[in-house]
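Notes follow once the structure below has been shown.
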Amino acid sequence: MYDAGELLKKNLEASIAAKQQLLNCREQMELFDRATVAVVESYKSGGRLYIAGNGGSAADAQHLAAEFVSKLARDRAPLPAEALTVDSSILTAIANDYGFDRLFERQIEGKMRPGDIFLGITSSGQSLNILRALIACKRLGITSIVFCGKDGGPAKDLADYCIIAPGDMTGTIQEIHIVLAHSLCGCVENAIFEER
């Protein structure tokens, strides 16, 4: 018989170790701080946040956009954020006409302007549609952030800010991405909206 408790223990230990590793990595913590400042400055200048990912990371993109538009920890004015993963007509049209690899690139070209922020989420750092999105951001002068995992893959060299979640297990990487997302939203709320 399979011992579910042992698997849970193993997963919890991996999660704790990966989070501790990130906490102890000064370079990554400083990158996160600089990325957060970029988002705050974008919002203060009238910018918008656009977020994308695939699979579970697409769900994370929607989750984070909801936190920015609604709220995370306090009542406040909404902050403009959009997940580029939700409009089935746009997604299927681009995938059909241009290919899945251009899914986010086309939307960036059509929706985003300098002063906006793009946040890509990819556990591997290798998702081609995220890589093409990051390249489009560079071409258009749009600031880009990527949350990735493992060694960062090609994404680490394309994004303005690359935050790498330690670990090799996709589940652990995705858990850290949610911690990063909630921390980003919380920091932005604190920076833009005064305590009530």
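Even glycines carry a Cβ here, placed using N, Cα and C.
Automatic, uncurated: that is what TrEMBL annotation is.
Matching Ser124, Ser127, Ser144 to the substrate binding residues that TrEMBL gives (Asn54, Gly55, Gly56, Glu67, Asn96, Asp97, Gln174) identifies Ser127. Within the group of binding-site residues (Glu67, Asp97), the Cβ with the highest number of other Cβ atoms inside 10 Å belongs to Glu67. The binding residues for substrate are recorded as Asn54, Gly55, Gly56, Glu67, Asn96, Asp97, Ser127, Gln174; their greatest pairwise CA distance is 32 Å.
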